[in-house]
Amino acid sequence: MTQDGYMQQEEEEWEREGLLDPAWEKQQRKTFTAWCNSHLRKAGTQIDNIEEDFRNGLKLMLLLEVISGETLGKPDRGKMRFHKIANVNKALDFIESKGVKLVSIGAEEIVDGNSKMTLGLIWTIILRFAIQDISVEEMTAKEGLLLWCQRKTAPYKNVNVQNFHLSWKDGLAFCALIHRHRPDLIDYGKLRKDNPMDNFNLAFDVAEKHLNIPRMLDAEDVVYTAKPDERAIMTYVSWYYHAFHGAQQAETAANRICKVLKVNQDNERLMEEYERLASDLLEWIRRTTPWLENRTTDNTLPGTQKKLEEFRSYRRQHKPPRVEQKANLETNFNTLQTKLRLSKRPAYMPSEGKMVSDITGAWKGLESAEKGFEEWLLSEMMRLERLDHLAQKFKHKADIHEEWTQGKEEMLVSHDFRQCKLNEIKALKKKHEAFESDLAAHQDRVEQIAAIAQELNALGYHDIASINARCQRICDQWDRLGTLTTRRRQALDEAEQILEKVDLFHLEFAKRAAPFNNWLDETREDLVDMFIVHSIEEIQQLIDAHESFKNTLGEADKEYKTIVGLAQEVQPMATQYQIPGGLENPYTTLTPEVITTKWRDVKQLVPQRDHTLQTELIRQQCNENLRRQFAEKANVVGPWIERQMDAVTAIGMGMQGTLEDQLQRLHEYDQAVVQYRPHVDDLEKIHQEVQEAMIFENRYTQYTMETLRVGWEQLLTSIHRNINEVENQILTRDSKGITQEQLNEFRTSFNHFDKKRTGRLAPEEFKSCLVSLGYNIRNDDRPEFRRILAIVDPNKTGYVHFDAFLDFMTREYTDTDTAEQMIDSFRILAGDKPYITADELRRELPPDQAEYCIRRMTPYNGQCAVPGALDYRSFSTALYGESDL
């Protein structure tokens, strides 16, 4: 039977039965009056007499407007009969417009106060607006309401609902309905079937006080009537149905709102955490980069060594936590973007200068400055070490030269030859010739001193002023010596015409002794000369050169004996011929004793030089062992890192097993990396020894500690990034309900077009991938493709990553929540009003969620707005990015 047919049958039964039972009419009048007042109070009015108060049609129209939520038009305000009939007809027309056929009910009977017709009209309204919308398993409203009551009361003792009259006489059915939905309000176990009055009054009082259901029946009328009025009972029971059904809807709506708000609050917390971490990391980079870009030192070796120690401390202590912070920041950003996409929220755009790309760029700048800083420090150490060596060499040669020049100027300006005899003059001349030879031999040393000073100038030696001053003094003195030598030679040439005799032995001694003495001086310089080598080959070259030098000592010993023999030849001759001053050699200041002393010094320095070279050879061998030790370790760690990186990349690009299998394998790789960390630490210790030994090259391996550090950091970052991507894919799969087969299909298509295995697709590759999956995109439909690109690449990077691609494809296969669903949920809480109040939010939502909504909602300014009304529509659309919050 249709709903309209049921309503027509109900009206006909009401006319027949109502005429026969005045008690039912009394019950209906009370129940219908209470039902009408429960709605009219929403408009600030009520009725006292159901026949009289509806006669002018005004409150009847108002009642229909309240229960339907629609406007019936402007009523006639006149008091004439035709005004009242017109108003009642408007109400009747509205009822008929809802598909209700009114039988035997006319406006005139209502205006005349006909009790039967008025009650019949109200019953028709109750059927249409309170009972007709009750639907249970395609039954009529009455049958559906009865079935609902039977299901709700089935578990209760002494309750057997079969109709809407006798089944309710003991009041237990009403108590059972309340207890079923609100067990906290009634202790059903204490109720008795033989105490109906208490049962009714308890149910009516609890319903009115706690469930906002008005008292429409009197216990006496039901208990003491043989057969209670069915329509009165149905009217009252329908309130229970709507009250409990609405509570269930409100709970569902509240849960939906809480879920959405919690997601939104969690996302906001993630955004705030990202902003804080990004600001902290960028500030650290901003502070650290200028320090790394500072290429100044105090130009001393200890100061530069201190700066190198500071840099090593930065590498070991300060940078690793920041590397981890950067990885966490990227992971949090990707997780946040995934959550936003899954909840259909707009993509998160960090504040200006805090994008992941900005942080990556700043980090690259930091690492570039770091690499340049380390290279500069090492080169500066080598430069300063070279400077220190050159300064010591300059001092040593300058000391020898200044020692040699002592007294030379006084000798050259002396006029001693004026009192000499001929042989003495000739001796002075020969002596001067020997001095010139000695002077020429010292020319190389002076040039070496000047060259060293020039190199110190070019390399920026810190105490270059004293070097230049000393070099200038030596050069000036050397020029004066040259001038004075020329003058004295001219003077001796003039005196030579007078003085002829020459002591050949002295002359021969002087000729031989001078170069031999220079050779001794140079040899002593070479034997005590400092050296810097960086390899076994270099020290071996010095050892070979020293061995070659030792092979020449035999010839030198012969020359020494010859020179000493010449001096020894003079003594018997001077004694024999009593030559005045014959033991003094007029041609040279050198004596056999000096030559002997220097020769003895040279022979003592040779084994010392042997020991020094052998000590350096041992040190270089130790350095070579360090190189080999580092290379052996690096040649194991480097390939291991590369294999792990290849394996992690293969997992990220592959499709073997489920996502959970991939995630487990990634965690296993992560654990393996953690366990492998001691090998890297051991390598760091060896590298520390290498640096302390000042070893700068290693021909046994292609790996440097810097490349291994970078590879290690990239491996950690790759593992964590892949774990994050797989977790996001699992989250996407589970939240969207896609199958593993669908996920594999998406990954297969994505990998097919990702030729370079970069984990991203260019726009044209992405378009081809969509077409391969059956997504229809015409070549001439560029706006549609641009719309899709805006979804998968909101930051306009020019590439589509797999997680964005997966999110887009899941939209095509799964249902999603929308702003409209949120609006419908708030409308249920608001009782179908276009606005909601703070009290309603606090009543239906948890305190923190309710206060969150109250702070964010804007005032509602539409029609029928009450003070404090809030606009939930704009709030809901703003949550989904469809308007500004």
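The backbone N, Cα and C atoms fix where each Cβ goes, and this holds for glycine too.
So that you can see what the record holds, here are the features copied from Swiss-Prot:
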BINDING   Asp754, Thr758, Arg760, Glu765  Ca(2+) 1 binding site
BINDING   Asp793, Asn795, Thr797, Tyr799  Ca(2+) 2 binding site
DOMAIN    26-130  domain 'Calponin-homology (CH) 1'
DOMAIN    139-245  domain 'Calponin-homology (CH) 2'
DOMAIN    741-776  domain 'EF-hand 1'
DOMAIN    780-815  domain 'EF-hand 2'
REGION    1-242  region 'Actin-binding'
REPEAT    389-494  repeat 'Spectrin 2'
REPEAT    508-614  repeat 'Spectrin 3'
REPEAT    626-727  repeat 'Spectrin 4'
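Recorded features from Swiss-Prot, shown on the structure.
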| residue | record | DSSP (3 states) |
| --- | --- | --- |
| Asp754 | Ca(2+) 1 binding site | coil |
| Arg760 | Ca(2+) 1 binding site | strand |
| Glu765 | Ca(2+) 1 binding site | helix |
| Asp793 | Ca(2+) 2 binding site | coil |
| Tyr799 | Ca(2+) 2 binding site | coil |
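Using Cα positions, the member of the binding-site residues Asp793, Asn795, Thr797, Tyr799 nearest to Arg760 (Ca(2+) 1 binding site) is identified as Tyr799. On the 0 to 100 pLDDT scale, the domain 'Calponin-homology (CH) 1' (26-130) averages 82 in the predicted structure. Around the Cβ of Asn795 (Ca(2+) 2 binding site), 14 further Cβ atoms fall within 10 Å across all displayed protein chains. Residues near Asp793 (Ca(2+) 2 binding site) in space but far in sequence (CB under 8 A, at least 6 apart, same chain), listed by position: Tyr799, Val800, Ala804. Excluding Asp754, Thr758, Arg760, Glu765 themselves, the residues of that chain whose CB lies within 8 A of the CB mean position for the Ca(2+) 1 site are, in sequence, Phe750, Phe753, Lys755, Lys756, Arg757, Gly759, Leu761, Ala762, Tyr799, Val800. Close to Thr758 (Ca(2+) 1 binding site) in the fold, though at least 6 residues off in sequence, lies no residue with a CB less than 8 Å from its CB.
DSSP states for the domain 'Calponin-homology (CH) 2' (139-245), grouped as helix (H, G, I), strand (E, B) and coil, give 65 helix, 0 strand, 42 coil. Packing against the domain 'EF-hand 2' (780-815) from elsewhere in the chain are residues 334, 338, 341-342, 346-347, 349, 355, 357, 725, 728-729, 732-733, 736-738, 742-743, 746-747, 750, 759-763, 766-767, 769-770, 773: each is 6 or more residues past its ends and has a CB under 8 Å from a CB in it. Excluding the listed site residues Asp793, Asn795, Thr797, Tyr799, the same chain places Pro794, Lys796, Gly798, Val800, His801 with Cβ atoms within 8 Å of the centre of the Ca(2+) 2 site Cβ atoms.
Counting in whole angstrom, Asp754 (Ca(2+) 1 binding site) lies 17 from Thr797 (Ca(2+) 2 binding site) by their C-alpha atoms. Counting every protein chain shown, the Cβ of Arg760 (Ca(2+) 1 binding site) has 18 other Cβ atoms within 10 Å.
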